[in-house]
Amino acid sequence: MSSDKPMLSVLRGEQSRIPPLWLMRQAGRFLPEYRALRAKSGSFLEFCYSPAAAAEATLQPIRRFGFDAAILFSDILVVPDALGQTVGFESGHGPRLAPLEGEAPLSGLREEIDLEKLAPVFETIERVKGALPRETAFIGFCGAPWTVASYMIAGHGTPDQAPARLFAYRRPEIFEALITRLVEASVAYLLRQIDAGVEVVQIFDSWAGVLPPTQFERWVFEPLRDIVARVKKARPQALVIAFPRGAGAHLRRCVEGLGADGVGLDTAADPASAARDAQNRVALQGNLDPLALIAGGAALEKEVASILTAFQGHRHIFNLGHGVLPQTPVEHVEMLVRFVREGRS
Ligand SMILES: Cc1c2[nH]c(c1CCC(=O)O)Cc1[nH]c(c(CCC(=O)O)c1C)Cc1[nH]c(c(CCC(=O)O)c1C)Cc1[nH]c(c(C)c1CCC(=O)O)C2
């Protein structure tokens with residue numbers, strides 16, 4: 001099926017000479033208009049739950065750069081919030097959750113996600129949907145069970161998710177119950193996002209890269225495959241991108257076996273080898289180094305050119321290998337857009 005949205009066409013199986021382009025964390029602190037909007041609001045979660053503000057943050061990068069896709073402005077940690085865990089964000093420090101611990105770590109959590117609590121997110125989606133240019137695709141998202149669980153257990157960001165890894169070894173039954181609950185919650189949440197108006201959902205497994213193969217299979221691959229299968233079965237029109245960041249040696253299995261329409265490549269992944277594995281059966285998304293975007297100039301041009309060359313002849317969505325960093329100059333993003341679309345900086 002062809003579409004007047006280049007992003008959807010590539011996810012549905014077409015190739016495009018000029019890849020559709022969007023950036024993870026394209027809304028955020030590197031944009032002066034985001035900082036101004038954010039300064040007027042309360043806590044980060046309040047901001048995420050304010051439909052007018054969240055819709056505006058979603059649209060800002062579309063107005064400025066004309067990206068091929070908008071991504072819902074929200075956060076992966078609204079899911080633990082809607083499961084009843086206490087979630088906060090400390091400026092400069094990132095997320096702070098009441099960690100899951102003690103004799104019965106799941107006892108304070110709801111069995112099922114409270115979608116009523118997330119009503120403002122669905123309202124944000126409805127607002128954005130009515131305001132997007134007709135050629136712009138709309139992406140919703142959630143965090144993958146392993147990544148979300150790792151924050152729920154530690155209560156904050158860590159360099160290697162050691163607390164969740166230890167928990168999974170020491171208390172595998174409880175960890176399994178948590179992952180199962182997150183699979184259910186993620187499916188329910190994504191289906192509601194699709195019903196509210198997103199056309200694509202991306203599942204962020206930002207911490208997929210820290211596990212040994214046995215644990216990767218159980219906590220990353222299987223839950224991701226289940227979510228993809230259930231979302232596609234319930235909403236066959238919806239398109240799904242999986243982003244198993246740091247999957248490394250498991251990337252091939254993800255490209256071949258997750259059942260997603262697209263797979264996101266992180267900064268360290270080799271585009272040419274992923275393209276060989278994919279055989280055009282899935283679209284590949286990525287994977288410019290966010291630091292090359294900060295550096296700009298000849299280094300940026302060279303990296304962009306090499307990615308475009310490596311993906312030639314393959315279904316490709318241009319993106320970064322991880323999110324835009326706050327110190328990124330806006331002009332470098334403008335340059336990237338010109339370079340990808342017009343082949344000039
Ligand atoms: C692990 C993770 C989180 N959140 C997310 C992930 C997965 C992707 C990744 O690995 O980056 C996903 C996310 N977070 C945010 C978005 C918005 C949409 C977009 O991509 O533009 C998305 C898709 C906004 C945000 N989420 C957060 C901010 C910064 C808060 C602020 O503006 O005050 C934004 C814009 C806060 C957040 N949220 C999270 C952390 C670790 C932090 C603190 C680090 C930081 O500050 O960048 C959890």
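Any Cβ shown, glycine's included, is placed from N, Cα and C.
Per TrEMBL, the feature substrate binding site maps to Arg25, Gln26, Ala27, Gly28, Arg29, Asp75, Tyr151, Ser206, His322. Positions annotated as domain 'Uroporphyrinogen decarboxylase (URO-D)' by TrEMBL: 20-29, 139-155. Taken from TrEMBL, the feature site 'Transition state stabilizer' applies to Asp75.
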Inter-residue C-alpha distance, Asp75 (site 'Transition state stabilizer') and Arg29 (substrate binding site) (nearest angstrom): 14
CB within-chain contacts under 8 A for Arg29 (substrate binding site), separation at least 6: Arg35, Arg38, Pro326
Sequence-distant neighbours of His322 (substrate binding site) in its chain (C-beta under 8 A, six or more apart): Met24, Ser206, Arg245, Asp266, Thr267, Pro290
For the domain 'Uroporphyrinogen decarboxylase (URO-D)' (20-29), sequence-distant contacts whose Cβ falls under 8 Å of one of its Cβ atoms, 6 or more beyond its ends: 6-7, 10, 35, 38, 57-58, 60-61, 65, 67-71, 73, 137, 139, 243, 264, 317-320, 322-324, 326, 333, 336-337, 340-341
CB contacts for Tyr151 (substrate binding site) [other CB atoms within 10 A, all chains]: 29
Structural state census, the domain 'Uroporphyrinogen decarboxylase (URO-D)' (139-155) (DSSP three-state): 10 helix, 5 strand, 2 coil
Diameter of the substrate binding set by C-alpha atoms, the set being Arg25, Gln26, Ala27, Gly28, Arg29, Asp75, Tyr151, Ser206, His322, in angstrom: 23
Listed recorded positions adjacent to ligand 1, that is, members of Ala27, Asp75, Tyr151 whose C-beta is under 6 A away: Ala27, Asp75
Other CB atoms, at most 10 A from the CB of Asp75 (site 'Transition state stabilizer'): 18
In three-state DSSP terms, the structure that His322 (substrate binding site) belongs to: coil
Packing count at Arg25 (substrate binding site) (other Cβ atoms within 10 Å of its Cβ): 17
Local Cβ density at Ala27 (substrate binding site) - other Cβ atoms counted within 10 Å: 24
